Amino acid sequence: MNTKLIIYLVSFAAFLGPFTQNIYVPILPEIQKDFHTTSFLINMSLSAFTVTLAVMQMVYGPLIDTKGRRRILLAGILIYIGASIGCAFSPSVSWFLLFRVLQAAGIAAGSIVATTVVSDLFEGKQRGRAMGVFQMLVALGPVLGPVIGGWVGEHMGYWGVFMILAVTGTLTWLANARYLPETRPNDLDGVTSFGVRRLFSVMLHPIGLSVTLLGFIQFYAFHNFLAFLPQILSTEYGLGPAEKGLVFLPLSLMIVVGSYTGGRLQEKMEARKILMITSSLHALSIVLFMLAVKFSLIYVIISLVLFGLFLGLSQPVQTVLLMDAFAKERATAVGAYNFFRFMGMAAGPLFGSILYQMRNIFLPFGFAAVLFGGVLFFVQRKLRMKAAKATHT
């Protein structure tokens, strides 16, 4: 079994989720014009995709635990391929929205299957390193999506963008059908029930609750940056679209670097210590951004580099802790974790917009920092209580 090849195959399937999510963002005005519709409905295609991704995490998790990894992934990619073709040939915005929902429903399987397969194949320090490779590839999705989508859209229109996704999905399906074995452990053969109870067991566990809460607040804060940083760069520094894109580049690249490094860091330090240190520094980087935003663009960029780095560093250890704690319910645990991360993505711009309308740019980021601090305090207490309980038993 070529485990390295398998890592890249399932990681690419997971990469397609965030890649597809925003690949057509640069050509949103053109799509709106082609469908003769409103910007609200076109932007809804982004929100509908994200919400569907989140909801399907809770569906796929128990399914993958009970039915296996391979068959669920292949079925999900098939749905994704059909929906991508549907998006390309949609006669109206209503059909486009429907196929975007189906697209998300299909590819949502990728992230859970990839995380679960990596955990099935690796243990100990090797699991951390493999998880770092997986997280690095997934982090490339939102970085490459708009770049490739903008170029393809300019030359081939939105039709070309979604046909490229359909072709990519087909190649991904063929590769996984050929080389991905079923990795579900034999000792899970008795796990056959699709139940909500197992989801609650994840959320009531100290590790499960701690990691999902951290996932929520980190992506809440991250999508605050994505939503409001462009406006801040325009009003405070007068930057144009191209210049704002360059400011975002180090943030995105450092998430990729941090994800890869975070996997290897687990070979040197204990996982829970890494979790608390990287998450605390991640929260601190938000405070640094708030201090820098009125001071200097260079310091703003430095704070964004640190934000991306610490976000990336903390991602692999979160999934490794989940996999270690839920050996028989790995996919269910990842599904719950991903659900809360996607909810953070949706909640960040929503609540941040309410605060941003108060004409104070510090409010959305200050609220995120305070919320982050509260979550860290809660998580630290939970983990200490669990460690103390384990010591006494």
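The backbone N, Cα and C atoms fix where each Cβ goes, and this holds for glycine too.
Since the structure is predicted, the reported quantities are computational estimates derived from the model, not experimental observations.
Look at TrEMBL and you will find 6-384 tagged as domain 'Major facilitator superfamily (MFS) profile'.
The annotation transmembrane segment is assigned in TrEMBL to 7-28 (among others). Nonlocal intrachain contacts for the transmembrane segment (7-28), taken as residues 6+ away from its ends with a CB within less than 8 angstroms of a stretch CB, comprise 39, 42-43, 46, 49-50, 53, 73, 77, 80, 84, 103-104, 107-111, 113-115, 117-118, 121, 130, 133-134, 137-138, 140-142, 144-146, 148-150, 153-154, 157-158, 161-162, 165, 168-169, 172, 175-176, 179-180.
If you look up TrEMBL, you'll see 40-60 (among others) marked as transmembrane segment. Below 8 angstroms of C-beta separation, residues 17, 20-22, 25, 28, 31-32, 72, 76, 93, 96-97, 100-101, 103-105, 107-109, 111-113, 199, 331, 334-339, 342-343, 345-346 of the same chain, each at least six residues beyond the ends of the transmembrane segment (40-60), sit close to that stretch.
Residues annotated as transmembrane segment in TrEMBL: 72-91 (among others).
Residues 6-7, 10-11, 13-17, 20-21, 41, 44-45, 48-50, 52-53, 56-57, 60-61, 64, 69, 72-73, 75-84, 86-87, 90, 127, 130-131, 134, 138, 165, 169, 180, 183, 319, 323, 330-331, 334-335, 338 of the same chain, all 6+ positions outside the transmembrane segment (97-118), place their C-beta atoms under 8 angstroms from a C-beta of that stretch. If you look up TrEMBL, you'll see 97-118 (among others) marked as transmembrane segment.
What TrEMBL lists as transmembrane segment is 130-152 (among others). Same-chain residues lying 6 or more positions outside the transmembrane segment (130-152) and placing a CB less than 8 Å from one of its CB atoms are 3, 7-8, 10-12, 14-27, 111, 114-115, 118-119, 121-122, 160-161, 164, 252-253, 255-256, 259-264, 266, 312, 315-316, 319-320.
Through the fold, the transmembrane segment (158-175) approaches residues 9, 12-13, 16, 20, 23-24, 27, 30-31, 34, 74, 77-78, 80-81, 84-85, 87-89, 103, 107, 148-149, 152 of its own chain, all at least 6 residues removed from its boundaries and within a Cβ separation under 8 Å. The transmembrane segment annotation in TrEMBL covers 158-175 (among others).
Residues 201, 239, 243-244, 247-248, 251, 275, 279, 282, 286, 289, 293, 304, 307, 311, 314, 318, 321-322, 324-326, 333, 336-349, 352-353, 356, 361, 364-365, 368-369, 371-372, 375-376, 378-379, 382-383, 386 of the same chain lie 6+ residues outside the transmembrane segment (207-233) yet bring a C-beta within less than 8 angstroms of a C-beta in it. What TrEMBL records for 207-233 (among others) is transmembrane segment.
Residues annotated as transmembrane segment in TrEMBL: 245-262 (among others). Remote same-chain partners of the transmembrane segment (245-262), defined as residues 6 or more beyond its termini with a Cβ less than 8 Å from a stretch Cβ, comprise 132-133, 135-136, 138-140, 142-143, 225, 229, 233, 239, 274, 278, 297, 300-301, 304-317.
Marked as transmembrane segment by TrEMBL: 274-292 (among others). Cβ atoms under 8 Å from those of the transmembrane segment (274-292) belong to residues 211, 214, 218, 221, 225, 262, 265-266, 299-300, 302-304, 306-307, 310-311, 313-314, 317-318, 321, 362, 365-366, 368-369, 372-373, 376, 379-380, 383 of the same chain, restricted to positions at least 6 beyond its ends.
Annotation source TrEMBL lists transmembrane segment at 298-322 (among others).
TrEMBL lists 334-355 (among others) with the feature transmembrane segment.
Per TrEMBL, transmembrane segment is recorded for 361-379 (among others).
Counting only same-chain residues 6+ beyond the ends of the transmembrane segment (298-322), those with a CB under 8 A from a CB of the stretch are 115, 119, 127-128, 131-132, 134-136, 139, 207-208, 211, 214-215, 218, 222, 225, 229, 247-248, 250-263, 265-266, 271-272, 274-275, 278-279, 281-282, 285-286, 288-289, 291-292, 330, 333-334, 337. Summed and averaged per residue, pLDDT over the domain 'Major facilitator superfamily (MFS) profile' (6-384) gives 86.
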